[in-house]
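TrEMBL lists GLY116, LYS117, GLY118, GLY119, VAL120, GLY121, LYS122, SER123 with the feature ATP binding site. Residues or ranges marked as domain 'MIP18 family-like' by TrEMBL: 5-77.
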Amino acid sequence: MAISREAVLAVLKKVIDPVAGGNIVASGVMRALNVDETGEVRFVLEVPPRHAGSYGAVKDEAEAALQALPGVVRVSVVMTGHSEKAPPELRNTRKAEPAGPERIPGIARIIAIASGKGGVGKSTLAANLACALAQQGRRVGLLDADVYGPSQPRMLGVSGRPASPDGKTILPMRNHGVTMMSIGLMTNEDQAVVWRGPMLMGALQQMLMQVQWGALDILLVDLPPGTGDVQMTLCQKTVVDGAIIVSTPQDVALLDARKGIDMFRQLRVPILGMIENMSTHICSRCGHEEHVFGHGGVAAEAAKLGVPLLAEVPLDLQIRIASDGGAPVTVSQPDSTQAQAFRDLASALLAREVA
Ligand SMILES: Nc1ncnc2c1ncn2[C@@H]1O[C@H](COP(=O)(O)OP(=O)(O)OP(=O)(O)O)[C@@H](O)[C@H]1O
């Protein structure tokens, strides 16, 4: 019978830390827990050297309690006074497997919001979709990975540097029911950052793995435009459950969107659909409808490529004012027709069980 990590932790949480108080999991002396499928449980008790004597009994108690747990075959506990190196017997002796895409613990689904071209409204749509999904009861995260123009802090009205109480993990920000982290919060707003490939990959990995996202039903990733290192790294390192491609109806934007779709297909990421943004403009004074960038181009392209058209969002002054002011229209004017477009998009994704 395979033993679960949760069952092991439940047992360890009953073992009292005689020095720090509380249990040994909460106090942090129990580290590097490894529960493998053969029923072997290994961990380190990292204790202050001067209190080593007090932990002998703790080690015995933890070992005995775990041995009594059905499914546990072997328990090995190593006591150490420092944590620089894992003791030799704890090293994984199995050969490293090629690192394929992994799931991030606690995050049920990842959806990438992408565009071939910059400025087509990808961030605006990501912010509104995140808020609309949160309003419909989903636990939503939004990762702003647009290294060339991170705009989510402005769109979600968040500022300041994220805290890192332990110097290792990063606490995300939260507003409008959305848990958010942006590369823009890690750099000075006015500072132009020249990102090179390895730096980009490092920053993305850090934001995916070191941010304490908590339990999320869905993490939306607002990607930079185009088909570069960030897109590749995201899809190669993590399991991306789907991509949404945003485009305006213009030919040039569509051409780039097609390249984006090709890339995701090559990376085996399902295309959930396309969104036509700035689809049509309705004059706020006279109600006259104009097709500033043409209309219907994305619908035609989506049909040609065999992917669903998820939404057509108008070019609308309220949408711009709201997102540039820190409260997307879904939040600031929830009863408006503009907000309804995003709610319908969220509902459609929920109905298809992709969000
Ligand atoms: N439907 C819309 N109606 C009105 N304004 C919009 C709409 N969509 C986006 N905008 C505005 O257009 C500008 C660019 O949008 P946004 O930053 O979302 O684009 P982007 O594709 O994420 O750009 P980049 O790739 O450069 O980050 C913003 O000022 C935004 O408020």
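Placement of Cβ uses the backbone N, Cα and C atoms for every residue, glycine included.
The shown structure was predicted, so the numbers you read here are calculated from the model rather than taken from an experiment.
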Taking DSSP H, G, I as helix and E, B as strand, the domain 'MIP18 family-like' (5-77) contains 27 helix, 19 strand, 27 coil
The correct three-state DSSP answer for SER123 (ATP binding site) is helix
The predicted model's mean pLDDT over the domain 'MIP18 family-like' (5-77) is 86
GLY118 (ATP binding site) falls, by DSSP collapsed to helix, strand or coil, into coil
Given the binding-site residues LYS117, LYS122, the candidate whose Cβ has the fewest other Cβ atoms within 10 Å is LYS117
Same chain, |i - j| six or more, Cβ under 8 Å of GLY118 (ATP binding site); the result in sequence order is TYR148, GLY149, PRO224, PRO225, GLY226
Restricting the binding-site residues LYS117, GLY118, GLY121, LYS122, SER123 to those with Cβ under 6 angstroms from ligand 1 leaves GLY118, GLY121, LYS122, SER123
Long-range Cβ list for GLY116 (ATP binding site), cut-off under 8 Å, min separation 6+ in sequence, same chain only, gives PRO225, GLY226, THR227, ILE245, SER247, ALA253, LEU254, LEU255, ASP256, ALA257, ARG258, LYS259, GLY260
Within the same chain, the residues at least 6 apart in sequence whose Cβ is under 8 angstroms from that of SER123 (ATP binding site) are ASP144, ASP146, GLY149, SER151, GLN152, MET155, ASP222, SER323
Smallest number of other CB atoms within 10 Å: among the binding-site residues GLY119, GLY121, that is GLY119
